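A.B. asks: One structure coming up, written as structure tokens, with questions to follow.
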Ligand SMILES: Nc1nc2c(ncn2[C@@H]2O[C@H](COP(=O)(O)OP(=O)(O)OP(=O)(O)O)[C@@H](O)[C@H]2O)c(=O)[nH]1
Ligand SMILES: [Mg+2]
């Protein structure tokens, strides 16, 4: 296929404009490293603006482009097993990124990712690799994915754009929660899975044992498994050879209309929405008018390109290829993740044809797409300053485009004013969203304690009413014929067998119902519990898909200075209410600063106060002198005080800091510290099954500081 | 108060007003003409940064007493024998035997030269004399400076032809003196030089407390100092102020009542008392002893039974409860003894037949809505011409800073950029709120509302920020007559005690509004 034409030459003017805007984008804070690279490399391609070099198939050699020499794969693994580092090596050994531009975890381009050392968003990159087998040059489109369970939605979207998955397993750790979860995701997508043992340079690496584990628990053939070190570069060529050898090429173009699946998108303030997609059939080029099947929006394509990993414009993207396009798409809803891109002309032609034959069919069949991510944890997000509500709304809508798993709807609360009730995949996800909102959109936010969803059933048979309660304060007062249902999760714990006892102790402590104990290998066991985990408040996070059982639950309200503080309400087991109440008021007493008056804090069930404490008033808050020389200094002190107050929310007369709204969470941390010095978090994730049904994976991670092994728990739930 | 009304009158006649602006900077005048004259009440326009005494007789009519058109001058003398345990000011410790110490002689020489340089810079920046209503020699310990030094400085300030300043006829001229640092002859000379008010660094009348504070003097020095003041200035002419500190480690409630009892029986009577609640500052000896910490708030315990936890050999800090009690006790006791609590930490005697106010004229300039003052010396801050300028706090930095001053260019403390002026109105409003609420006269909201540079929205924010103070009975707003908003005041003593909190509430509201 050739696309060089006179029109192409003409069209370089708008392209130039795009480049200038790229330079401006340097100042955009969200993606600093990538955008820097983008602009420099883009400029180098535009030194001669009259001719656009046909970089389309540059480097592919005499054989040119063929889907038979394209490999699309994702890199999947448990958190920290070395996906991003492996991606670095792939970019490096293929000379995609010059040595001098190389930095660790290059694809983690968000500030937050670099700071936390984790991948949050999927990131695609194209590398060219000359196979030692046949001497041909292959296009490898790799997608680096996050390992943390909260971002599994990123993984499932990546996988839909691929034919294969590189399963990275840390040879010193073995199979862990997300190793399994991601394997299931890859199997759902019918992908070829290539296991790799990473970190074999570590003294603690035990590749034989881990290979056995993979064979036994996952059932993958490990006789030829690559032993690699993403750090030192061992085994990198073998990995690429096995990708070429085992990952199936994408199906070739059928001659049918252009169809592409959007797996990610990004809002750029200068170029509008940037859409990342995988071409399934046909081709798209600059100047085409495209149509998004679901949103029905149409746009002119101003740029198509590939990620190397910086965005490099090319002339066209063809069946099997992965790339991006932009077209001054301003409305974030026009190009939703999962939507199918088609060509407007082909769509119209097909529609006209259908009209003739009076068929009800859709002119172009949409690609399967993705199911919406199901939020597991809900929390309220409110601007500290009510005037920021509009900015918050805008920020959420933009972030939503960048983070398809985020959901939100407006919420009004008497105490907190206008804000949003947001759904997250887990606590880390929540934390990342909060931080991005504050950082990238410069907002001051109050986030209420995360909670799961309860169901309240009232009446029997015909008259039965079910209320879904997604915020504790919305729990109705209990009536006689009312049943409060709480989510139960089945927790399967993967642990080295020597810790079986400890894990079971923990399960019992958490009111878990013991179900099963299996030895997967002599050294590794699986222990199954069913928990409602109500003592952890937020941690029993079921939404709709697993079993609800009746629980003896009550709403525990908090009053500060005799005024209701609904954002602080929690739902607890009746027999735990006393303890929880006492802990809650105690931590609020710590978290709320002294005021100029005494502040009683009460935990109540209905009208009954079950625990109380009071914050004694401060006795003085005065600066002794205030003369000429120190006016400025004193003023700074007061301004600092004012700034601190600005970040608090006034509940009645009392200024309550952000941390207090997380008091429920704090109570849990404390609890854990007291009991076994391990912090526990539980995360759930859903993924689609072939039959359209859902399957759920909940995982619990226990981080015992004293033991690195003691940390991987997995649950599979139907 | 009424001078503002007068100024307003002037504003109606801008042409005339400008006629007696100093010809200092026409250039800056044009660059900042967007500031209306009306603003001048709060932010002195660069072009009128010096209100000089060139007033013709007709102009003097417009300003019958002209007193509020004058400035203050602060002179910093940094020498101290040693650094006190609570002190974090800009001082230079010189040891005990300063007079015979050649090292000190050199420092003194350099420092005096530096002050004289500053004064000559001020003189060079004006073509006419600047009217002062107050001079204040603070420190440090100004009484440790050799007489010759003090004389040179006083001379350069207003006594020579080339002096930049002129003294208002009833100007207040204060010098801080520490008990034990002067004798009768020195005090006589000080009086000769023109000092008509003495601020005596008493701090306490209890020798144990003085020791704890790290002071050099003892209570007997205080009594003999006051007797010298009586001898030199006479029974009637003695105008002196004492400093007292409450909340000191080891200071019991009983000892505090005793201190106040003694202080009010001093003879002649101190006409002014500055009463500070001790603040433990990081970087001081106390800061080290008590871990930088006013974290001593175990407010549940009542003062009578509070347990004093001794840290090592140092006496325990009183609890905040006790500090608050000491503050409140002083307020009630001193009022009873005829002292007016006119600012958070200032008391002025107005008892008996006294019709004159003994408030510190100098300090009041700091708290005025548009007070302007010059300053010279180490670490001192001047506020002129919309510029608040702080000099270097380290001696060597300060000396070299003065050496770099050149007469050909404008002195840095008069330089204002467009930018600093733009930010000025906001900054100024915070200053006004902060300082006015510290005074018993309070904050006149109508005056603020009447300013073009401040909006009524500002007043609304201030009112919002003050609401909690009203709810808790810590503050009042008096509306009388044709006042729309009224006079906002903190109550004495409870409102004063929480002034930070209330002022920062207002700051927060103002901040929210400006966003
Ligand atoms: N010794 C050794 N360390 C490695 C190797 N590969 C990765 N690491 C280290 O393991 C840590 C995690 O590596 P990443 O590449 O960020 O892991 P990841 O799988 O991308 O992590 P997430 O994106 O957060 O899921 C880093 O500190 C790497 O330097 C290896 O082969 N050997
Ligand atoms: Mg990563």
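Along the chain as shown, residues are numbered 1 onward.
Backbone N, Cα and C define each Cβ position, glycine as well.
Automatic prediction, not curation, is the source of TrEMBL annotations.
I grabbed these lines from TrEMBL:
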SIGNAL    A:1-18  signal peptide
REGION    A:28-59  region 'Disordered'
COMPBIAS  A:31-44  compositional bias 'Low complexity'
DOMAIN    A:68-251  domain 'Tr-type G'
BINDING   A:77-84, A:144-148, A:198-201  GTP binding site
A.B. asks: Checking the binding-site residues A:77, A:83, A:145, A:148, A:200: which ones have Cβ within under 6 Å of ligand 2?
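C.D. replies: List returned for ligand 2: A:83.
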A.B. asks: Counting across all protein chains present, how many other Cβ atoms fall within 10 Å of the Cβ of residue A:77 (GTP binding site)?
C.D. replies: 27
A.B. asks: Might you list, by sequence position, any residue in that chain lying six or more from residue A:80 (GTP binding site) with a Cβ less than 8 Å away from its Cβ?
C.D. replies: A:118, A:147, A:170
A.B. asks: Including all protein chains shown, what's the count of other C-beta atoms within 10 A of the C-beta of residue A:145 (GTP binding site)?
C.D. replies: 29
A.B. asks: Using a 10 Å cut-off, grab the number of neighbouring Cβ atoms around the Cβ of residue A:148 (GTP binding site), all chains included.
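C.D. replies: Around residue A:148 (GTP binding site), other Cβ atoms within 10 Å: 24.
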A.B. asks: Using a Cβ-Cβ cut-off under 8 angstroms and a sequence gap of six or more, which residues of the chain neighbour residue A:83 (GTP binding site)?
C.D. replies: A:75, A:76, A:77, A:119, A:144, A:145, A:147, A:168
A.B. asks: Sorted by position, what residues of the same chain at least six away from residue A:200 (GTP binding site) have a C-beta under 8 A from it?
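C.D. replies: The answer is A:171, A:207, A:227, A:228, A:229, A:234, A:235.
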A.B. asks: Could you please provide the mean pLDDT value for the domain 'Tr-type G' (A:68-251)?
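C.D. replies: Mean per-residue confidence for the domain 'Tr-type G' (A:68-251): 89 out of 100.
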A.B. asks: Helix, strand or coil for residue A:80 (GTP binding site)? Use DSSP.
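C.D. replies: It is coil.
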A.B. asks: For residue A:148 (GTP binding site), just give me the three-state DSSP call.
C.D. replies: coil
